[in-house]
Every structure is written in structure tokens, then in C-alpha cells.
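Structure first, commentary second.
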Amino acid sequence: MKNLRSEILKALLRVEKGSYSNLLLNSKLKLIEDKRDKNLFTEIYYGVIRNKLYLDYIINQFSKTSLLKMDSEVLMGLRIGVYQLFFLDKVPARAAIYESVEAVKIILPASQKGAISFTNGVLRNINRKRNSIKLPAKNKDPEKHLSIKYSYPMWLVKRFIKQYGFNKSEKILKAGNKRAEVIYRHNSLKMTKAQFIELLDAADLEYESTFLESFYKLKKVNNPAQTKVFKRGGAYIQGTSAGLASLLLDPSENMEVLDLAAAPGGKTSHLAALMNNTGQIKALDISQSRLDLVQENLLRLGVKNVSLKKADASKYQDNKKYDRILADLPCSGLGLIASKPEIKWDKNENIIEKMAKLQYKILNNNLNKLKSGGQLLYSTCTLAKEENQDLIKRILKENKAYKLIDLSSRLEKASSLNLETKDKYLEILPGEVDSEGFFYALIQKVESD
Ligand SMILES: C[S@@+](CC[C@H](N)C(=O)[O-])C[C@H]1O[C@@H](n2cnc3c(N)ncnc32)[C@H](O)[C@@H]1O
């Protein structure tokens with residue numbers, strides 16, 4: 001790779017235009033040989049996305065030009081520079097400024113000399129007066145304080161404070177800025193636990209256990225999808241909160257299971273493993289290209305009891321009745337900010353409302369596919385109550401033949417987590433648990449005599 005910072009700058013501009021940060025990063029890291037360069041690329045790239053508002057707050061105090069009027073290349077170059085100055089002790093200030101200005105120089109045409117000296121001047125000025133920078137006061141404007149300190153848009157800070165109060169919100173915001181860890185789920189359909197561990201050890205992969213028995217946190221791994229254990233189907237990369245969903249649904253062998261939104265297949269393949277490849281899982285998704293990913297994953301993982309179908313789950317019709325239904329539905333994703341920090345900047349209140357409507361339609365269309373006594377697990381990776389508690393309350397109010405089951409005993413059986421359910425629901429909050437934010441509710445069709 002020719003110039004690391006200019007490549008970071010280009011990649012960040014693409015994320016601003018809508019590219020998925022994790023997919024783009026993976027494709028960029030493949031082009032970098034040196035391990036230290038890979039780490040520095042990742043650090044600056046995610047650091048700038050995570051801390052954008054804080055970086056802009058600083059730049060704004062030292063620039064006579066408004067941020068809105070700046071060339072996007074210059075603004076991004078400044079963010080890259082300020083991030084290094086404030087967050088990376090190992091990069092000397094002189095190098096941080098020089099490299100960031102060089103990156104802008106490479107990207108902008110030579111005719112834009114003024115923009116280059118502007119970038120240089122602003123960065124030097126910020127570095128000189130760095131000790132004078134102050135956050136908005138916590139006691140005067142607590143919302144603004146959190147918004148700038150942790151770089152979250154105001155609407156999201158206000159929403160969290162309303163739902164969880166100031167202290168819990170601060171923990172959630174802080175945890176969302178921590179780099180997400182890579183976790184392998186051991187896939188028992190391809191190898192025993194002992195063989196799985198043997199392959200981790202043989203590859204010198206450092207790991208530690210988690211609150212779920214089959215999930216291992218990997219330390220310092222650059223290409224988790226390139227290891228032998230992964231390629232042989234012994235592992236699936238999956239967060240612990242995502243993994244908890246299939247465990248809470250608790251399927252048994254030979255059951256009939258419906259998965260309403262399956263792609264890329266994490267929970268489907270986990271269910272298949274828990275059922276030991278017996279019974280039948282019907283897995284739906286609205287997107288064919290995403291179903292192709294499921295197919296690829298199921299093949300690698302040796303899953304044999306799943307049939308895939310492209311369908312809109314809000315309209316899907318089926319004459320069968322199921323023992324278990326997994327409704328891991330599309331959502332606003334506010335629990336996944338640590339692994340996909342651009343969620344901070346891409347989402348808004350309208351998306352939450354839109355998602356809640358879709359989730360309502362999907363649940364209403366599928367509840368009647370449960371057998372008598374059958375159970376549906378609803379899960380989302382978001383922390384918006386309209387998509388979680390409020391939605392489930394409404395569904396149960398309108399459908400009297402269904403009841404909510406307290407998730408405590410399932411949680412105790414599935415994990416070593418010491419968490420209380422609230423109103424029978426379970427919610428995982430980043431900052432309280434070292435995992436993604438998730439919500440779960442278990443609904444049962446009341447048995448008819
Ligand atoms: C949260 S993801 C599912 C993750 C999956 N359960 C897993 O564990 O890998 C939501 C999925 O819902 C799909 N989707 C969105 N709208 C849908 C609809 N109306 N019907 C079915 N699937 C839908 C998306 O394509 C996406 O793959």
C-alpha cells in the first residue's frame with residue numbers, strides 16, 4: 001500500500017457515502033502486508049468513525065472556515081490528524097501532522113495548495129493549544145456533555161437518557177466506543193470441542209472463555225475467517241448476545257423450526273447444531289444475495305437440516321405448524337455500535353419507527369404458525385423500546401392466545417450470566433455485560449385442551 005493515511009482517508013470517505021465499515025476494512029486489510037500497518041490502519045479508521053463528533057468539536061474551535069463549507073477531503077484529513085494527536089500516544093505529534101497533510105496532498109489536485117496549507121495550519125494550531133480544549137460542562141448541559149465526550153448524535157443521547165437514565169446511558173455510550181472482540185462459536189457438527197481447541201492451540205490463537213460455553217473470545221487475531229479451524233467449519237464468528245438467542249429458544253432434536261429472518265445464517269446454523277442436524281428448519285430471508293451467504297455458511301458448517309426460502313416474512317404463508325419459531329428480526333441496530341460504529345451516524349428516529357412497524361407486521365403474520373404449546377423467541381440487536389418492550393406488549397394485548405414466558409430459567413441453563421429479567425424480558429446492555437446490546441422475549445401459544 002503506497003500511503004497508509006491517504007488510503008485511510010479514501011476509505012473513510014467511502015464509509016461516509018454508505019459503505020459498510022467492516023466489509024470495506026476487510027477488503028483494505030487484504031492489501032496490506034505489514035502487521036503493524038494493518039493495526040494502525042484499523043485503529044485510525046475505526047477511531048475516526050467512532051469519535052467523529054468529538055474530533056469535529058475540536059476542529060471547529062480552531063478553524064475559521066465552517067466544517068460544512070470545507071472540502072470533504074480536507075475535513076477527513078483533519079479528523080485523521082486530530083485523532084492521532086489526541087488518541088495515539090505512539091505516533092509523535094510531528095509525524096501525525098505531517099502524514100495527515102501528505103494524505104490530503106495525495107488526494108487533492110496540486111492546484112488546491114491553499115487547502116493543504118490550511119490543513120497544516122489548523123493541525124499545528126490545535127496541537128499547540130491542545131490543553132485549552134474543554135468539553136461542554138456536565139452540570140450545565142449533561143446531554144451535550146455526553147454527546148461530545150463519547151461522540152454520539154444528540155437524538156441518541158436523549159433517547160438513551162430517557163430510557164435508562166444518565167449513569168446507565170454513560171456506560172452504554174462508553175462501551176459502544178470499545179473495539180468489538182472477535183468471538184468463535186465452536187460448531188459441533190464439524191468437530192469435537194477437543195479438536196476445535198487443538199486447532200486453536202496449533203495456530204497459536206490466544207483465547208478465553210465467555211459466559212456461553214461454546215463461545216471463545218479471540219485475542220489479537222487479524223483474519224479470523226482465514227484460520228484452519230474456520231475453513232474446516234469448526235468455527236462461526238458470532239457475538240455472545242447473538243449466540244444467546246438460539247440457546248434461549250432451546251430447540252430439541254426432531255423439532256419443526258421456522259426462522260423468519262435467517263441471513264447470514266448465524267442463528268440458523270447454531271439451531272441446527274443444537275438439534276444435532278435432526279428435525280427440520282425452514283429458514284426465510286427477503287434477500288436472495290443474503291440467502292446465498294447462508295447457503296455458503298451452512299455448507300462450510302456441515303448443516304443438513306435446513307431448507308432455505310426467499311420470502312417476505314410479513315406476508316409469508318405456510319400450512320405447517322411449528323414447535324419453535326425464531327424471530328430475529330431486522331432492527332435499528334443500536335446494540336451493535338461497537339462492531340459497526342457508523343450506526344451512530346446512519347440511524348435516526350424515523351428508522352426506529354419504520355422498523356417497529358415491520359416487526360409488528362412480521363410477528364402478526366407468523367404467530368399463528370406455532371403449534372399449541374409452541375414457542376417463539378423474538379430478538380433484536382437494538383436498544384429502542386418501541387422495537388422491543390412496547391412492541392411485545394402490543395402484540396400480546398392484541399393476541400390473547402399467546403403468553404409471555406419469563407426467560408430467567410432458560411438464561412440460567414444457557415449461560416453463566418447473572419442477570420435479572422425485567423417483566424419477563426431479557427435485555428443485554430453494553431457496559432453492564434461485555435457483549436452486544438440485545439433484547440429477547442419468549443412467547444408461547446397457550447395450549448388448547
Ligand atoms: C438481524 S438480520 C438476521 C440475522 C440472522 N438471524 C443471523 O443470526 O445471522 C435481519 C435479516 O432480515 C432480513 N429481512 C429484512 N426484511 C425482511 C422481511 N420482510 N422478511 C424476511 N427477512 C427480512 C434481512 O435481509 C436480514 O438478513
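Each Cβ is built from the backbone N, Cα and C atoms, and glycine gets one as well.
Here the domain 'SAM-dependent MTase RsmB/NOP-type' (172-446) returns a mean pLDDT of 97 for the predicted model. Taken from TrEMBL, the feature domain 'SAM-dependent MTase RsmB/NOP-type' covers 172-446.
ASP312 (S-adenosyl-L-methionine binding site) falls within neither a helix nor a strand when secondary structure is assigned with DSSP, and so counts as coil. ASP312 (S-adenosyl-L-methionine binding site): 13 other CB atoms within 10 A of its CB, across all protein chains. For ALA261, ALA262, ALA263, PRO264, GLY265, GLY266, LYS267, ASP285, ASP312, ASP328, the entry in TrEMBL reads S-adenosyl-L-methionine binding site.
DSSP classifies CYS381 (active site, nucleophile) as coil under the three-state reduction. When Cβ atoms from all protein chains are considered, those within 10 Å of CYS381 (active site, nucleophile) total 26, not counting its own. Positions annotated as active site, nucleophile by TrEMBL: CYS381.
ALA261 (S-adenosyl-L-methionine binding site) has a Cβ environment of 22 other Cβ atoms inside 10 Å. Rounded to a whole number, the C-alpha distance linking ALA263 (S-adenosyl-L-methionine binding site) with CYS381 (active site, nucleophile) is 14 angstrom. Across the annotated binding residues for S-adenosyl-L-methionine (ALA261, ALA262, ALA263, PRO264, GLY265, GLY266, LYS267, ASP285, ASP312, ASP328), the two most widely spaced Cα atoms sit 19 Å apart.
Over all protein chains present, the Cβ of ALA263 (S-adenosyl-L-methionine binding site) has 22 other Cβ atoms lying within 10 Å.
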